[in-house]
Amino acid sequence: MSLIRSLCLFSTFLSCIVISVHGQAAARPGLGGTRIGFYSTTCPNAETIVRNAVTSGFSANPRIAPGILRMHFHDCFVQGCDGSVLISGTNTERTAGPNLNLRGFEVIDNAKTQLEAACPGVVSCADILALAARDSVVLTRGINWQVPTGRRDGRVSRASDTNNLPGPGDSVAVQQQKFSALGLNTRELVVLAGGHTIGTAGCGVFRNRLFNSTAGPADPTIDPTFLAQLQTQCPQNGDATVRVDLDTGSGTTFDTSYFNNLSRGRGVLQSDQVLWTNPATRPIVQQLMSPRSTFNAEFARAMVRMSNIGVLTGANGEIRRVCSAVN
Ligand code: HEM
């Protein structure tokens, strides 16, 4: 049976078109038990409450949009999309290196507080995060789509499990291996990396590309003008926490410019630029880089797939009372 899903191609929550998503996706175990409108009777305002919390957080600090999108990715890639990244405490995922710069926890907590007041014990933190990631894309003028819900919250969160997250120095082969281990193919990898159309990276995560060192010369795949620009923004012994847009010139708008930048040697992370230099992924970048490409629709579809990695449903897991601690 073919899965019909609404994709809303513009930045409003109201203007949606219905497209048919390839039937196979519905049959995949990865979609395990979530469905659109899971809370329609048990907590009819759930999605509105989340959206309003994200909108108000975004008005106060637009940086929470990329922060929440990345947080959802890091949740899904470690123990599945079960809200495990939200748990505080010693040696939880949240304390691990790759998660130290995540933003937007307070927005998720705020949504949860309001949801507990409206419908106690009903809406999971994992679902709040999945919905908030979608809302973050919409707020940065990207696509809107319907998020299947019904995830339950996990009770396990270990810092050591974050070792499997993709890193900024990963080759295409390593990125492919990390995505395919979770059921995502090479095209979905490239499409999802397009999440870097918004947000920033700290100088410390890519400065090794910018200067000659004992490890070798500056990365020759960087466009020379862009290299000079990055060297000014991130001087050799400067502050590693200074942040630079991942999509130069369009870092706050969800668009195809990230792919266009890759084609011009203007990727900030090495893991981004190799998507252009590697012949396995370059044709995909080429297909996505036009403003008229299918990027937005493909991103929505790939997000639905990523958002269903290893989900807990039914009687598994729990509905946390607060997102930062197991019950
Ligand atoms: C393909 C492998 C990926 C690698 C190696 C990677 C790595 C990184 C790194 C190193 C940063 C900068 C972190 C910092 O300095 O604070 C970053 C930021 C970001 N990543 Fe990824 N990422 C990948 C995939 C994804 C995916 C699939 C998404 C979402 C769909 C995503 C969304 C983001 C966003 C939105 C930011 C900006 C965060 C902010 O501004 O706070 N990334 N990523």
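Each Cβ is built from the backbone N, Cα and C atoms, and glycine gets one as well.
TrEMBL labels come from automatic prediction, so no person has curated them.
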Of the candidates Cys81, Cys119, Cys125, the one sharing a disulfide with Cys323 in TrEMBL: Cys125
Listed in TrEMBL for the Ca(2+) 2 site shared with Asp247, Asp255, one of Thr197, Thr200, Thr294: Thr197
Neighbour-count leader, CB within 10 A, recorded positions: His74, His196: His196
Alpha-carbon distance [Asp247 (Ca(2+) 2 binding site); Cys234 (disulfide bond)] in Å: 16
Residue among recorded positions Cys43, Asp75, Val78, Glu93 with Cα closest to the Cα of Asp255 (Ca(2+) 2 binding site): Asp75
Lowest local Cβ density (other Cβ within 10 Å) among disulfide-bonded residues: Cys43, Cys76: Cys43
